Amino acid sequence: MPPAAERAPWRWLAAGRASRRLVLVVVFVALLLDNMLLTVVVPIIPTFLYTTEYEGTNSSVAPARTKPAPPSLKTPPFSSMFSYFDNTTVTVLGSASAAELVNGMESSRPPQAPTSSPPALSGCPEGEEFLAKENVRVGLLFASKALIQLVVNPSVGLLTNRIGYHIPMFIGFIIMFLSTVMFAFSGTYTLLFIARALQGIGSSFSSVAGLGMLASVYTDDFERGNAMGIALGGLALGVLIGAPFGSVMYEFVGKSSPFLVLALLALLDGALQLCILQPSKISPESTKGTPVSTLLRDPYILVAAGALCFSNMGVAMLEPTLPIWMMQTMCSPKWQLGMAFLPASISYLVGTNLFGILANKMGRWLCSLIGMAVVGVSLLCVPLAKNIYGLIGPNGGLGFAIGMVDSSMMPTMGYLVDLRHTSVYGNVYAIADVAFCVGFAIGPSTGGAIVRAIGFPWLMIIIGVINIAYAPLCCYLRNPPAKEEKIAILSQECPMQTKSYTPQKTLRDFPLTDDSDVEAENAE
């Protein structure tokens with residue numbers, strides 16, 4: 001009994017390592033934590049920088065401005081003047097001389113006039129010039145993660161082909177943990193920038209290795225689509241929890257609290273990876289994957305990557321600019337800055353899980369086309385909101401539509417590699433992650449500058465029109481040709497190049513069939 005009892009956990013661990021569902025759980029948790037850290041900073045960074053830099057520098061100036069207050073008791077900004085023409089009292093902007101000329105019998109009513117206008121602006125932050133500059137600085141800080149990830153992704157794709165997916169996945173966990181702890185204790189813009197860039201390195205390892213691992217484990221296209229939908233559900237759940245969780249914790253507990261909770265969850269994820277994935281084990285791919293340069297020349301992969309890029313660029317532009325726009329126009333408190341993204345997060349969670357199954361039935365190309373059109377319309381409606389409740393519809397439609405695009409295009413990337421290239425997935429999902437990164441790099445970095453130049457509404461119009469214009473290109477993914485079909489199509493459409501495009505002699509290096517000689521004679 002005791003030996004059997006001791007072996008039971010090891011048997012369960014061995015069975016777990018062979019289970020595809022537990023691999024899916026590991027990827028789900030990794031994407032969940034990555035995207036919680038991605039979005040938890042969205043409501044925290046703008047208000048934290050405003051509090052520490054603007055209010056901190058002006059706190060010493062404020063007492064100096066309040067010294068002239070006593071003289072204002074003699075000359076209030078609004079004074080009452082009695083008119084002998086019609087025996088009425090009128091309120092005028094008075095100077096010192098005008099106030100002294102009139103007997104102050106009716107001056108008990110003037111305090112009502114100044115109290116009617118300032119309270120409407122009392123909740124709004126001061127320093128519009130600082131907020132305009134902060135759009136650019138916050139945008140660059142948010143974009144740093146995607147820019148670093150954009151540079152690291154190709155190297156991670158090559159690394160997964162050589163040593164497998166398990167070790168890069170664990171490296172991503174370690175870097176993400178360090179980044180989370182650094183966020184918790186950073187108090188300056190420079191340290192926050194470094195923490196965000198460090199997160200980009202860890203996210204690159206986690207996302208490329210995780211998605212590639214899922215594609216290699218789930219070989220059936222239908223099962224792969226369902227698994228990708230569930231994994232993207234973890235991404236959606238992280239986006240869902242991140243911004244509201246960060247805003248509430250920052251408002252009522254403190255800046256470090258949400259990051260310390262995420263660091264604890266990251267440790268649990270690392271323990272799960274140690275038990276399930278065996279990150280010390282090197283398991284390279286049996287076949288050599290298609291080079292990234294070859295995949296980037298495939299027009300169908302580029303169309304799918306473009307759909308991922310532009311659809312996510314919209315929400316990437318909203319992350320740094322929407323909270324500041326709400327502070328300026330709606331005078332929103334801190335907790336509302338994160339809650340504004342809650343409808344988008346909930347609808348994204350619903351969209352990824354729903355269309356992970358439906359996209360395969362209705363056609364992934366059609367699902368992506370409709371999704372990009374809805375993304376564009378939703379972005380055009382965002383500037384029409386007058387309060388936080390007006391953002392529910394546009395943000396909800398935006399999240400649902402991005403869920404449609406992501407849940408349809410991520411399995412499509414793996415399907416295109418199976419159909420047209422070698423079935424090794426590290427490089428193609430590095431390209432998919434690069435597409436995300438381009439969106440999240442260009443979006444925040446240019447969004448803040450565009451808002452400062454022409455305003456927030458025009459930013460939404462530009463990115464909305466781009467999504468609507470790109471949507472018809474998804475029709476090219478309706479029936480992509482296989483590699484052999486592409487050769488046949490090229491030979492029919494370009495008859496002048498058929499003599500130079502005859503690789504049969506080079507293809508004879510491969511094992512030949514019985515009918516290969518007959519085919520060679522017919523070709524000649």
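Note that Cβ sites are derived from N, Cα and C of the backbone, with glycine treated the same way.
Remember, TrEMBL labels are computer predictions, not curated facts.
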Could you check which of 129-146, 201-218 is flagged in TrEMBL as transmembrane segment?
201-218
Mind pulling out the one from 171-195, 338-358, 424-443 with the most Cβ pairs under 8 angstroms to the transmembrane segment (21-45)?
171-195
What residues elsewhere in the chain lie close to the transmembrane segment (300-318), defined as a C-beta under 8 angstroms and at least 6 residues from its ends?
142, 146, 341, 344, 368, 371-372, 375-376, 378-379, 382, 398-399, 401-402, 405-406, 409-410, 412-413, 416, 420, 428, 431-432, 434-436, 438-440, 442-444, 446-447, 459-460, 463-464, 466-467, 470, 473-474, 476-477, 480
Would the transmembrane segment (397-417) and the transmembrane segment (230-253) count as touching if the test is at least 3 Cβ pairs under 8 Å, pairs 6 or more apart?
yes
